[in-house]
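Here is the structure we will look at.
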Amino acid sequence: MATTLSEVTPAIGPQPVELGDLPTKGIHDITTAVPSLPEKGLDTANVDEADVKSAAIIDASDGNEYPTEEELKTLRRVSGAVPKIGVALCLVELASVASYYGSTGPITNFLSNPLPDGGNGAGAVAPGEAGLNQSAGALGQGTVTSSALINLFSFLTYVSPILGAILADTKWGRFKAIWVGTIVGFFAHVILMIPAIPAVIQHVKGALGAFSVSILVLSTASGFIKPALAPLFNDQSPVKVPTIKVLKSGERVILDPQVTVEKYTMIFYWIINVGALFAVATSYASRNVGFWLAFLIPGLVYMFMPLVLVAISKSLYKAPPQNSVVVEAYRVFKVLFSNGGWKGVFRRGPEWWNRAKPSHIMANNNQADMSKILWDDKFVDEIQQSLQACTVFFLTPIFVMSDGGIGNSLNAMSVAMRLDGVPNDLPTYFNPIAILLGSPLLTYVLYPYLNKLGYQLKPMTRMSIGCLMSCSASIMAAIIQWRIYQTSPCGWYASTCDDVSTVSLWWQCPIIMLPAFGELFVNVTSYELAYTRAPARMKGLVYAMALFSVAISAAIQLAIANAIQDPYLVWIWTALAVAVFILAILFPTYFKHLNEAASNFADTNRMEGKEQPMVKANGGQVA
């Protein structure tokens, strides 16, 4: 689901590495690898550089076999399996998103539509034929107000992870941040029940106030959970460096950390959408019983989350928080922009970034206070590649808006269509269905097939494909909306009409499913970039920046909320189609440098801060 998120693809192999890039002493001692070469039948007395590059490298400390430069270029890359602890984290995410989407799914109808005539007073439709084409409703605030509140909720849900990520990276660690979010989320679900009580619904202002408080608390809970849970899941990967694996067929392949994270991210995204399907149940609950049941069920599901967290706590790998990492990042940029450095910000090449590297500072500035430089050269490189990825994140809001339409436009379309006895928001749940079908097809069929052919879809190519899918859906939506206007008894004011168009609600399915397939190319790739290109000690914050694209989208939609109504809906969809088409061209052209794979992103020594320089008492540094 693009919400969010919310709240995981093809193999992108890492670039060929030199022997010096292989693990060093402290993780895998390559100095012990060369003496083991005779076991492979080589005469170490006559080993030249060419022999070393073509020979298998065995690490005597752990028994792993590392690929040579030639093997890195030629062997197929495969992913590692998900460990049991990773499966348990998937269950935590399932409980989290099921409760989240189960609660937020009925919100549009709860806010937009009034209590149905002949209903039970809890928001359910009238029984029998009278309720056949009715939609569940409660507060009757209309499309403009509901769009504003929903986009405010979405904005808060996806801007709060920045604060949550900073706390997770610097103070609490990811696991503690998840626990804090879980506790806050419990209170959010309790508060959300209050405006859904039939007696409270009758007092619209009071119900609206209680609802506003509940979404504020729920968005705060999401801010702690979202930027911590996915990186924590990827942290559990046992594949940290490329190693050789021999399959049962005898084929030698590379067990690759990049491909492993790609698979993990796709699995995690699949889990998110399993949970999103829970909103189907709450949609029917609100239509047939009332909103009190629709909001109660997610709260009960949420109780599963803390139980799993308690059970897995001792088995998780938990990278410790790094107290100064955000300060270090700030100081890096302070150095970069000092003394006229802002003039080189748009230049390509390493010269501008070298200004912040300790080695460059020590060589060119004898007056520098090295006691304040707590980072190393590699940290500057990590910041550089993170900034490149974040540039993409600031463009993806265009895709987010096209995925389901701006604001309440999709809901405004649905209430004007022939329902035939189904909830007007039912087609929206074809989004997770499409993802649940598409994810395994890509992971286990298409991508492995392309890999065997020697062809890999590059990240920016994937993002372009996803944008083109969404563009096609927006074009279809514009045509369908125009047709609704032509067949509605109220013409160009169909969404507020008492009667409906002859156009069936099921025509919304392709509008929803095409961008859903696009999410597997755009959103999943964004989350991969966020994890693999983030500094080892700042993965939560960069992941939060990927989520922040949804907040940007929500802010834009808030600004134009008054336009999301009849008779402008055709033009809204048309504008989206044009914008996302431009994006499809921009990704593989301007951002093609992001097709190059990141390296050493899974280094646990760096994640734990073990490679940070130690500061001498006199202000110098010790590596």
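Cβ atoms are placed via backbone N, Cα and C, with glycine included.
According to TrEMBL:
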REGION    1-24  region 'Disordered'
TRANSMEM  148-168  transmembrane segment
TRANSMEM  177-201  transmembrane segment
TRANSMEM  207-225  transmembrane segment
TRANSMEM  267-285  transmembrane segment
TRANSMEM  291-312  transmembrane segment
TRANSMEM  429-450  transmembrane segment
TRANSMEM  462-485  transmembrane segment
TRANSMEM  505-529  transmembrane segment
TRANSMEM  541-564  transmembrane segment
TRANSMEM  570-591  transmembrane segment
Stretch contact, the transmembrane segment (462-485) with the transmembrane segment (570-591), Cβ-Cβ under 8 Å, 3+ pairs: yes
Among the ranges 177-201, 207-225, 429-450, the one whose Cβ pairs under 8 Å to the transmembrane segment (148-168) are most numerous: 207-225
Paired segments the transmembrane segment (267-285) and the transmembrane segment (505-529) in contact, 3+ CB pairs under 8 A: yes
Distal contacts, the transmembrane segment (570-591) - CB-CB under 8 A, six or more residues away: 388, 391-392, 395, 398-399, 401-402, 405-406, 409, 458, 460-461, 463-465, 467-468, 470-471, 474-475, 477-478, 481-482, 485, 563-564
Within-chain partners of the transmembrane segment (177-201) [C-beta distance under 8 Å, separation at least 6 from its ends]: 92, 96, 99, 103, 110, 115, 120-123, 138-139, 164, 167-168, 207-208, 210-211, 213-215, 217-218, 220-225, 227-229, 232, 290-292, 294-296, 298-299, 302, 305-306, 309, 540
